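Enquirer: Encoded as structure tokens, here's the structure I'll be asking about.
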Amino acid sequence: MAKSQNKESYNKIFAKLKEHHKWFENSIPLIASENIPSPAVREAVISDFGNRYAEGWPGERVYAGCIYIDDVEFECMKLAKKLYKAKFADVRPISGVVANLAVYSAYSNPGDVMLAPSIPAGGHISHGKKEHSGTAGLVHGLEIEFYPFDAEEMTIDVDKTKQKVKELKKNNRLPKIAMFGGSLFLFPHPVKELSDFLKSYDMHINYDAAHVAGLIAGGKFQDPLKEGADTMTMSTHKTLFGPQGGLVLGSEKHEEPIKKATFPGLTSSHHINNMAGKAVAFAEALEFGKDYAAQVIKNAKSFAEALSDAGFKVLGESRGFTQSHQIAVNVLDYSDGGKVEADLEKANIIVNRQLIPGDIKAGRNYFHPGGIRLGVSEITRLGMKKNEMQEIASFIKQVVIEKKDPKKLLSKVKSFRKNYQKVKFCFDNKLGAYEYVKLR
């Protein structure tokens, strides 16, 4: 009896995996923190590398059996440094959060202060306070001070930040780390405008490029390391179209502190198969990244304009809505972000609810925030352009503004998706973007 139940669970797992792939073949994926890897990246990720251990730095491993792993990891580091014009790269962090922790560990101690964007102003939970279960506070014990934020311009307020830093110094709360970047990231952050000032107070400047890494690689966003950031952290699977993982970049002087923080501090083995997938993605980004990043930004602007024309309140209007892959929409005229997210999912349109400026003061929380966040990274990699952005905006209008039954749109959404089943901006794309690979 137990054996048959075990086999039933076994079969159920594979059935659900296949159902998921089929669902995404017929959906419009607009999660800003996601992308679709190429078949080549998927091949690297399912390799035997995933079964091996390679603790430490390549050439200095704790384990034997790493001859080819070392070769690939050296190549991965070389490609990462070339892609971002950096002198040092640590490709071992297994996520963007772990990459951030490496910087916290290398350049601060528990009880120190970090300056970062608040979550309603676009900050990521890994930059957050302990009382909010933020990684910086909960795991590393940092005290967090927030940048003053200009809600109209949707970016950090430079003058008020300078004033705040001076006040923090008077109160003996001068930050050790200044963190730029975030999860709601419409426009470049003022790294160039603030870096000299922050460094005059001996702050280590880190730029969390998780969301915009592919745009930076393509030369279509800001260049944080050139503008004054000491280090740059990122995840590798958003606008940079690799597997899930992390990366830390910097100059030679950052090598030893970051290496020690990453291992043995924060990783043992580091998901070596994903490291190989990162290397493939870096090569793809060097070859195709400029064209991809340019199309992403064109699509985001077209999408934002189409949504605005449809009657939505799109944030950042005074600056042209967006300069990244993201669009933020205030949906309070129709419902809240949680309800809109759920309604759109019924139509196979996948978005996420989003806290926006003003939500916390108004008593709204993450489950029922005032906005939704949309991203065009994945649909751009599927080959969509301006006309498709307008059509998707129409679908969203029908569900959210016109209150049409989402399930009645399913056939239209599925028909719309039929022509977009291959990954673009890559060397090889014989396999369908969401094609299920059976190995049994």
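Glycine is treated like the rest: Cβ placed from N, Cα and C.
Copying in the features that Swiss-Prot gives for the protein in this structure:
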{"type": "BINDING", "residues": "Gly123, His124, Ile125", "note": "(6S)-5,6,7,8-tetrahydrofolate binding site"}
{"type": "MOD_RES", "residues": "Lys238", "note": "N6-(pyridoxal phosphate)lysine"}
{"type": "SITE", "residues": "His237", "note": "site 'Plays an important role in substrate specificity'"}
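Describe each of these features in terms of where it is and what it packs against.
Expert: Counting only same-chain residues six or more apart in sequence, the Cβ atoms lying under 8 angstroms from the Cβ of Ile125 ((6S)-5,6,7,8-tetrahydrofolate binding site) belong to Ile119, His132, Ser133, Gly134, Thr135, Ser183. Secondary structure from DSSP puts Ile125 ((6S)-5,6,7,8-tetrahydrofolate binding site) in a helix.
When other Cβ atoms within 10 Å of the Cβ of Lys238 (N6-(pyridoxal phosphate)lysine) are tallied across all protein chains shown, the result is 29.
Cβ neighbours of His237 (site 'Plays an important role in substrate specificity') (same chain, under 8 Å, six or more residues apart in sequence): Glu34, Asn35, Pro37, Pro243, Gln244, Gly245.
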Enquirer: Other than Gly123, His124, Ile125, which residues of the same chain sit close to (6S)-5,6,7,8-tetrahydrofolate? List them in sequence order, counting a residue when its Cβ is within 8 Å of the Cβ centroid of the site.
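Expert: Leaving out the recorded residues gives Ala116, Pro117, Ile119, Ser126, His127, Gly128, Gly134, Gly182, Ser183.
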Enquirer: I'm trying to understand the geometry here, so how far is the Cα atom of Lys238 (N6-(pyridoxal phosphate)lysine) from the Cα atom of His124 ((6S)-5,6,7,8-tetrahydrofolate binding site), in Å to the nearest whole number?
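Expert: Computed Cα spacing between Lys238 (N6-(pyridoxal phosphate)lysine) and His124 ((6S)-5,6,7,8-tetrahydrofolate binding site) is 14 Å.
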Enquirer: According to DSSP, does His237 (site 'Plays an important role in substrate specificity') fall in a helix, a strand, or coil?
Expert: coil
